[in-house]
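**Q** Per Swiss-Prot, the feature domain 'Glutamine amidotransferase type-1' maps to 2-201. The active site, nucleophile annotation in Swiss-Prot covers Cys77. If you look up Swiss-Prot, you'll see His183, Glu185 marked as active site.
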Amino acid sequence: MKVVILDTGCANLSSVTYAIRKLGYQPEISQETATILAADKLLLPGVGTASAAMDQLKQRELIPLIKVLSQPVLGICLGMQLFAATSEESDNVAGNNVTLLEVMASPVQKMATHGLPLPHMGWNQVLPKAGHPLFRGIEDHAYFYFVHSYAIPLNTYTIAQTEYGNIFSSAIAKDNFFGVQFHPERSGAAGARLLKNFLEM
């Protein structure tokens, strides 16, 4: 099976690559159209700000390509947020919302934590919707590792939720696009199982 990690220019790819290799796969890191289209499974990791990430995707001419992918794609952390429509996380002085990949019509918003510190960093519990294959064999309220200050609110595509001040989407799914706000590659056995589930879909 051909597993490709999209080289977005805005992610630490080594930890994701290592986690996939530990599961017995040989992932390829690429931004080439032919390689991406030939993949059986794709991963879209991301760190940093939404506006910087979209700038990188635009420079690499990946935006139209990602939107038309038909194979399963897993967005990780910022990679999940990029599937939304807009983000409040802007680099510009005007503070305008950033247009994202618009795979789903949901915003990314700064977390309302009711006094809890940002970023939301560390281990927190994830409650998946019953029966979703991405969480097969993973206990309800399993702990995963988070680092973020922005989140997607609960919506039609939410398949798991987490509470930090407010409840937010910790995993989403729409058609062939899946996303997790946490870092499965840094989440021990539960994270490894989630990656395994995705790769075996």
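Quick reminder: no glycine exception, Cβ is built from N, Cα and C everywhere.
Note that the structure is predicted; figures quoted are calculated from it, not measured.
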**Q** Rounded to a whole number, how many Å is the Cα of His183 (active site) away from the Cα of Cys77 (active site, nucleophile)?
**A** 6
**Q** DSSP on Glu185 (active site), three-state: which is it?
**A** helix
**Q** How many other Cβ atoms sit within 10 Å of the Cβ of Cys77 (active site, nucleophile)?
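**A** Around the Cβ of Cys77 (active site, nucleophile), 25 other Cβ atoms lie within 10 Å.
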**Q** Using the alpha carbons only, what distance in Å do you get between Cys77 (active site, nucleophile) and Glu185 (active site) once rounded?
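**A** So the Cα of Glu185 (active site) lies 11 Å away from that of Cys77 (active site, nucleophile).
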**Q** Over the span of the domain 'Glutamine amidotransferase type-1' (2-201), how high is the average pLDDT in this prediction?
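**A** Reported value for the domain 'Glutamine amidotransferase type-1' (2-201) is a mean pLDDT of 95.
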**Q** Out of His183, Glu185, give me whichever of these active-site residues has the highest number of other Cβ atoms within 10 Å.
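**A** Checking each of His183, Glu185, the winner is Glu185.
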